[in-house]
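Everything below concerns the one structure shown next.
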Amino acid sequence: MGSRDHLFKVLVVGDAAVGKTSLVQRYSQDSFSKHYKSTVGVDFALKVLQWSDSEMVRLQLWDIAGQERFTSMTRLYYRDASACVIMFDVTNATTFSNSQRWKQDLDSKLTLPSGEPVPCLLLANKSDLSPWAVSRDQIDRFSKENGFTGWTETSVKENKNINEAMRVLVEKMMNNSREDVMSLSTQGNYINLQAKPSSGWTCC
């Protein structure tokens with residue numbers, strides 16, 4: 001039998017300069033640049049995964065500009081997306097609080113065919129920097145209160161938790177595509193991506 005292809009559109013949103021473009025580059029090309037370049041409107045990348053012996057996953061990554069003036073266009077950008085990543089900078093409390101605005105904007109404009117919200121991960125980026133402007137307890141509570149699938153800390157620079165977090169998101173999309181009602185049911189928990197409980201993300 002031939003390989004079965006799954007195509008998913010994944011949004012990457014959040015305030016400007018939180019690391020969205022760097023995340024997309026790291027995940028799709030395994031590269032990182034120290035030089036900041038502002039996204040204008042939207043940028044795109046493709047990631048292909050051999051999910052199993054018989055299944056191929058193709059991810060269209062939509063890197064949405066974080067500037068306020070572009071938010072009127074988000075309905076167009078969000079259309080037909082299967083999942084979302086919302087990012088903030090752990091050293092910048094404003095980007096954290098604005099994650100709620102991004103989540104509300106997303107939920108008001110995009111749902112799954114079932115009417116449920118699309119899976120959405122909250123990524124606490126730049127975790128290699130200090131001091132953090134928010135605590136893990138604050139993030140955990142915020143994630144649960146705002147209906148995120150889960151959250152974890154990431155460092156695009158150090159390539160920490162990037163592939164692991166995206167794998168969790170792909171698993172959620174694959175489960176949704178199979179209409180598996182017994183699939184991942186986590187709502188907002190910290191997702192433990194590592195063997196040690198202190199450095200990952202809780203799910204399930």
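Every residue gets a Cβ built from N, Cα and C, even glycine.
Now, the feature entries from Swiss-Prot:
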BINDING   Ser33, Lys34, His35, Tyr36, Lys37, Thr39, Lys126, Val156, Lys157  GTP binding site
MOTIF     36-44  motif 'Effector region'
MOD_RES   Thr71  phosphothreonine
MOD_RES   Ser72  phosphoserine
LIPID     Cys203  S-geranylgeranyl cysteine
LIPID     Cys204  S-geranylgeranyl cysteine
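Counting other Cβ atoms within 10 Å of each Cβ, the lowest count among the binding-site residues Lys126, Lys157 belongs to Lys157. If you average pLDDT over the motif 'Effector region' (36-44) in this model, you get 70. A straight line from the CA of the residue listed as 'phosphoserine' to the CA of Lys157 (GTP binding site) spans 30 Å. The residue listed as 'phosphoserine' has a Cβ environment of 8 other Cβ atoms inside 10 Å.
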